[in-house]
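Here's what Swiss-Prot has on this protein:
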ACT_SITE  51  active site
ACT_SITE  123  active site
BINDING   47, 120, 123  Mg(2+) binding site
DOMAIN    5-134  domain 'RNase III'
DOMAIN    160-229  domain 'DRBM'
């Protein structure tokens, strides 16, 4: 953790008071499960908290930045910014990946470079920072790391297949779109989800991914491809 602390101090002027919070943020469930006798905490609860504060700060930023955009447009842009792949890229930008504590199985399966884990790590770090320093410090960090990328328009062309599918189908009439997990496989540290996308209870396509969100995006992408071939 000493090297991580040095990184945070030199790159972001962040010094944690509660070092345990920082360590927990970088501890994956697979590591905690392999060391159960030590009663080690993992980062899922911090991820939950970080997700909430991230949504709040990005929502406020977009609301003030684009006073004439409708709610739907703001929601779409926010979803692009806070999606799994985007958050994983921010973890990489911050050089967080070498410091994640992973179980042996997760490490061997390439977990250190997996978007799901890196995205969750970024949210967990925000949760830890919130508890240790407060919301304004989280805002300062995001203004340094995320907002410059948003200002450059790097999230305006991200493929949001779920939104695209919804827009196409609803343009044809009233359509209720639903996503359902139909299968889960793999160990806890390397889950794989299969999702089916339905339109008015009629199956359109399926998708597979390392997270439910990614599987849903893949299902929507496959549905769009099928519709384009009709």
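Indices start at 1 and increase along the chain as displayed.
Just so it is clear, glycine is given a Cβ too, placed from its N, Cα and C backbone atoms.
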Exercise. With DSSP, how much of the domain 'RNase III' (5-134) is helix, how much strand and how much coil, in residues?
Worked result: 97 helix, 2 strand, 31 coil
For this session: Note the Cβ centroid of 47, 120, 123, the recorded Mg(2+) site, then list each other residue of that chain whose Cβ lies within 8 Å of it, in sequence.
Result: 43, 44, 46, 48, 50, 51, 87, 119, 121, 122, 124, 127
Exercise. For residue 120 (Mg(2+) binding site), which residues in the same chain are close in space, meaning a Cβ under 8 Å from its Cβ, but six or more apart along the sequence?
Worked result: 43, 44, 47, 87
Exercise. Using Cα coordinates, what distance in whole Å links residue 51 (active site) and residue 123 (active site)?
Worked result: 5
Exercise. Here are the active-site residues: 51, 123. Which has the lowest count of other Cβ atoms within 10 Å?
Worked result: 51
